[in-house]
Amino acid sequence: MQFIDQANIILKAGKGGNGIVSFRREKFVPAGGPSGGNGGRGGSVILMADNNLQTLLDFKFKREIIAEDGCKGGPNKRSGASGQDTILKVPCGTEIRDIKTGIILGDLTKDKQSLTIAIGGRGGHGNAYYLSNQNRAPESFTEGKDGEIWEVQLELKLLAEVGIIGLPNAGKSTLISVVSSARPKIANYPFTTLIPNLGVVRKMDGNGCLFADIPGLISGAADGVGLGHDFLRHIQRTKILVHLIDAIAENPLHDFEIIEQELKKYGKGLLDKERIIVLNKMELVDDDYLQIITKKLEDLSKKKVLVISSSLKKGLSSLLSEVWKRI
């Protein structure tokens, strides 16, 4: 499935139905009073969160959503039928923003949570509405009101509790594949992962915790280099960041600093999040070098550094234990 996490769409509520002019005409009532009914309300456009959806792909080609118009009024003071509301299902974690003002209209984070965006137009009045002592046979009516039109941006931000971050080829996909049921594409070259991968990791008590493997960030990500903005937004909701560093990289310390700088530049509280620093691929370097680089990383980060091997499944219990302490 193609992963689409942003979409601009136009939402058009239905027009209210027109009122009508009608007079009661029956066999023994040749000159009855006004009986024109009111028009029905136009349908509204409602967004609803759905746990079964993972992407905004449905809106890639469907840019305009139009709700049903209300029906016109009828004789004998019958009101027209209201237009049917249009319910758009979106993934949990979808934020809705007004494109014109930039104002956030809502944030749908729970299954079945809904938000009415474009409200249907009110139905017009039929001539029965205008009956008065001064006017016993009104011929006035009003047309239905237009429905609201909104141009909005949908932005999906994943609801994972733990985000796994790091430069390309740090081993993020391998890690999530061995601690969860996720099965991302894995290969020994950068940028294998082009979309976030989600996996549920079970704790000792049986409860699940959602992990997200965020595609490799690079220098300049906070300024939009590569797909940086697209990926960084997905860690805004996480509680903990697992910063994975490749032990066989040319300069692991520099790699660490690149990601830290991108978090700082992007802002939005990313640098304030709990972070667990992890040195991966311990099996590919000798013990002396591993001790040296671990100590230097701890001095640089002012944090304890965990050492693991995702491929050999070493050190993972210590890593998960550290995660559970901080959730």
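Using N, Cα and C of the backbone, Cβ positions are placed for all residues, glycine too.
Annotation source Swiss-Prot lists ATP binding site at 166-173, 191-195, 213-216, 280-283, 309-311. In three-state terms derived from DSSP, SER309 (ATP binding site) belongs to an extended strand segment. Around SER309 (ATP binding site), a 10 Å sphere centred on its CB holds 20 further CB atoms from the protein chains shown.
Marked as Mg(2+) binding site by Swiss-Prot: SER173, THR193. DSSP assigns SER173 (Mg(2+) binding site) to a helix in the three-state reduction. For SER173 (Mg(2+) binding site), other Cβ atoms within 10 Å of its Cβ number 23.
The domain 'Obg' annotation in Swiss-Prot covers 1-159 and rests on sequence analysis. Across all of the domain 'Obg' (1-159), the predicted model scores a mean pLDDT of 92.
The domain 'OBG-type G' annotation in Swiss-Prot covers 160-327.
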Worksheet item: Distance between SER173 (Mg(2+) binding site) and GLY166 (ATP binding site) at the Cα atoms, whole Å?
Response: 11
Worksheet item: Taking each of the binding-site residues LYS172, LYS281 in turn and counting other Cβ atoms within 10 Å of its Cβ, which one has the fewest?
Response: LYS281
